Amino acid sequence: MSQSYINVIGAGLAGSEAAYQIAKRGIPVKLYEMRGVKSTPQHKTDNFAELVCSNSFRGDSLTNAVGLLKEEMRRLDSIIMRNGEAHRVPAGGAMAVDREGYSEAVTEEIHKHPLIEVIRDEITDIPGDAITVIATGPLTSDSLAAKIHELNGGDGFYFYDAAAPIVDKNTIDINKVYLKSRYDKGEAAYLNCPMTKEEFMAFHEALTTAEEAPLNSFEKEKYFEGCMPIEVMAKRGIKTMLYGPMKPVGLEYPEDYKGPRDGEFKTPYAVVQLRQDNAAGSLYNIVGFQTHLKWGEQKRVFQMIPGLENAEFVRYGVMHRNSYMDSPNLLNQTFATRKNPNLFFAGQMTGVEGYVESAASGLVAGINAVRRFNGESEVVFPQTTAIGALPHYITHTDSKHFQPMNVNFGIIKELEGPRIRDKKERYEAIATRALKDLEKFLNY
């Protein structure tokens, strides 16, 4: 091939992973990132793989589909997983990272790689025949988004995403909260703000009547269920939050708790959890409280949470518009487009949802871009693995009803033989098979 390098556009999680996977296989990369030249309202730095929403990579157990996906990615030498592990912060049974330290480490490793040339510039058009991975994410610039929109057949696929507020730990009233992980799983990693029924009812009323920031679009509000604004959830019903982010089960009061409670109940009526957001432990995010309320309203309403009456918000919640492609009609399982095998897409724009899933798509796209570059046949990971099931789902589901998807055991190929009734045992069996099949696939 006359082309001497591969283009990667976008240095988020998917683009950073794709660039690394290409370079580690000996192919030069030109990595384009517009931040540094043109910023977005949601990004706070110019670093690569910045985590805009939560700092959590979610569950770490192999009986959790995202835990399996992460383990598969570790075995494929994922730059995102490796640096995530190096910058972990306590989060019970989940994997959370110091977002600044982690993204700085990814940025440094990319910059130091001898085969990766970083170009700070905005790309406004889709390259012609050059082998290219586009991983510009949900915050793609308007000009490039318009070109992708044309590729999409003019159809608008989108939903709205929101991020949760972050507070300064030193401004939390520690006497009103307690340290505990749900069901005491893992280390006690969350600060829990318990509410009585009276406190919850007042909070729910304030939340459902608070003023929201206006959307910069005439389009209908559509949300991805995994990142729904807390005020939207609250409006679905008085108890919706009690089965979601404010679920109290497994978060019993400690014996020495002296704050307000409903009679002699051992468990609060509702609980708001705070999760450590940086390695120093000075910042905590409000778990599941992504929001689109006006900033003044966020301060007023969220300071009703016990322990946060005088909390200082170092970042308020924000919302942004996520666009995604008609992947069932446009993409192959390799993340190459059906019409142009030299053009690959990766990340949330393909319809995978979540940090880990985005990085995984970049990993697969990067590997296949190299194979295309070398004139080799592209690879499709086994559908028995999480990293193979995800691209299979987004490219084979019904286009009319296509929406972004997190990895889950439901999209992984079913086990052969009699169904295992116990869910944990079934998931363990799926994970064991996945890792064996991945090993066979890599050694083939």
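Even glycines carry a Cβ here, placed using N, Cα and C.
Residues or ranges marked as FAD binding site in Swiss-Prot (evidence: sequence analysis): Gly10, Ala11, Gly12, Leu13, Ala14, Gly15.
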Report task. Could you tell me which of these binding-site residues, Ala11, Leu13, Ala14, has the greatest number of Cβ atoms within 10 Å of its own Cβ? Result -> Ala14
Query raised in the report: Far apart in sequence but close in space: which same-chain residues, 6 or more away, have a Cβ under 8 Å from Gly15 (FAD binding site)?
Result: Val8, Ile9, Leu31, Glu33, Phe48, Val133, Ala135, Thr136, Gly137, Ala346, Gly347, Gly362
Query raised in the report: Near the FAD site, what residues other than Gly10, Ala11, Gly12, Leu13, Ala14, Gly15 in the same chain have a C-beta no further than 8 Å from the centroid of the listed C-beta atoms?
Result: Val8, Ser16, Glu17, Ala18, Phe48, Ala49, Ala135, Thr136, Gly137, Ala346, Gly347, Ser358, Gly362
Requested in this report: For Gly12 (FAD binding site), just count the other CB atoms lying within 10 A of its CB, please.
Outcome: 29
